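Heads up, the thing below is written out as structure tokens.
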């Protein structure tokens with residue numbers, strides 16, 4: 001019994017430490033690297049090299065202007081010099097709780113750069129190290145009208161007898177943006193261009209601990225790897241270069257992600273690079289030959305918005321994996337599905353968390369019952385076990401043999417009280433990641449003072465209630481710990497957990513509180529059954 005309690009204490013403390021570390025890191029935004037070289041403007045070093053042996057030329061040094069493209073979920077700012085998306089404001093997401101300001105994902109500030117770039121390079125490319133394509137537009141503001149499903153925004157450039165159109169296609173209610181090139185070759189010679197798309201981001205310093213470091217950085221998917229992170233530190237150490245069918249590249253930022261998705265039927269090259277205090281992760285598509293007098297359309301897509309699993313999964317294979325549940329994904333995914341289903345019924349994420357807790361505890365009830373039954377049987381054997389310790393003294397081998405014989409005769413599994421607890425730990429970790437990764441919980445209210453389930457309880461009421469419920473649950477335990485040191489540790493456990501949970505998301509604390517309350521109820525039901533079997537007697 002003592003060894004099992006020690007294992008439980010150590011396991012709970014270890015899990016609490018890991019979760020606490022991750023919470024601290026997720027809510028400590030990495031600071032940009034201090035450098036005078038980081039600029040919001042394009043530089044020669046930022047342009048990807050073409051796989052073609054020659055490169056086009058640009059005769060102008062024009063300045064672009066910023067145009068606005070808007071639907072019901074975002075507003076994009078696009079620079080006509082190159083056609084880069086230099087800002088994305090998300091209509092349905094506040095910058096902070098109760099703020100009228102919208103969350104800005106892509107942005108182009110001198111010390112905070114996060115831009116989605118794309119262009120045409122190669123032999124006849126219009127985006128080169130000498131300069132970017134200077135597009136013309138019909139207006140400076142484009143808005144998808146109510147009732148309209150789709151809006152096309154063309155940026156046009158005519159150069160050397162070739163008409164280039166960079167067309168942004170936005171849809172109602174979608175963060176998926178088509179970015180297509182329509183090329184009309186009106187000359188008597190064939191031309192060659194190569195499309196690229198890249199995400200430019202200020203290099204950020206790593207923070208956090210070795211246990212579970214924080215992460216804001218790149219990620220990619222290829223034919224051989226469904227999903228893999230590629231951090232800014234890795235970019236600085238080694239440039240990524242992968243040839244793949246289909247694939248995509250992305251930059252992750254907690255609840256949000258931007259991703260370039262090239263033509264999924266083409267052979268693409270994924271790459272990273274660094275220059276001037278900036279990190280780049282992007283793709284190069286295959287070289288496209290446009291015959292004399294002919295035309296070609298080159299397709300790609302840009303996602304810039306929240307991590308919405310279903311929607312992202314429909315845009316590109318494995319893009320939904322950017323909702324990163326870690327190793328517990330196989331548990332977290334069905335838990336999130338259940339959470340979403342319950343929320344659709346009760347229309348409150350706090351009530352949905354309570355519903356999920358009830359379902360999870362209900363499913364685990366047989367394990368809980370087996371745990372308490374095993375512990376009760378072990379308590380009944382304590383007098384015999386103590387007698388063995390006194391009889392065999394230092395002869396540990398003989399004592400172990402006799403103990404195993406006793407367990408077999410009494411049909412008791414000495415690990416029966418521990419194994420169910422170990423099974424429940426991955427579920428708790430999966431729930432933590434579900435609550436931490438679900439953008440749906442960001443700024444989601446419960447009731448009263450809980451207006452953001454993804455943030456800590458501002459008045460610490462839930463953690464205090466959780467600590468009280470844990471203290472009550474401990475006091476209802478039928479057997480005190482024999483070892484004085486272990487008893488002191490167990491007495492402090494509710495306080496330790498309460499302190500840890502002061503800074504945890506309110507949603508996670510709510511889960512633990514409700515779980516404790518349900519455990520108290522289940523415990524009483526189980527004890528009644530054990531009393532009838534003579535395996536338990538109530539404390540006086």
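Yeah, the Cβs are placed from backbone N, Cα and C, and that goes for glycine too.
Range 494-514 is the one annotated as transmembrane segment, of 494-514, 515-535 (source: Swiss-Prot). Swiss-Prot assigns the feature transmembrane segment to residues 7-27, out of the candidate ranges 7-27, 28-48. When the ranges 303-323, 324-344, 345-365 are checked against Swiss-Prot, the one recorded as transmembrane segment is 345-365.
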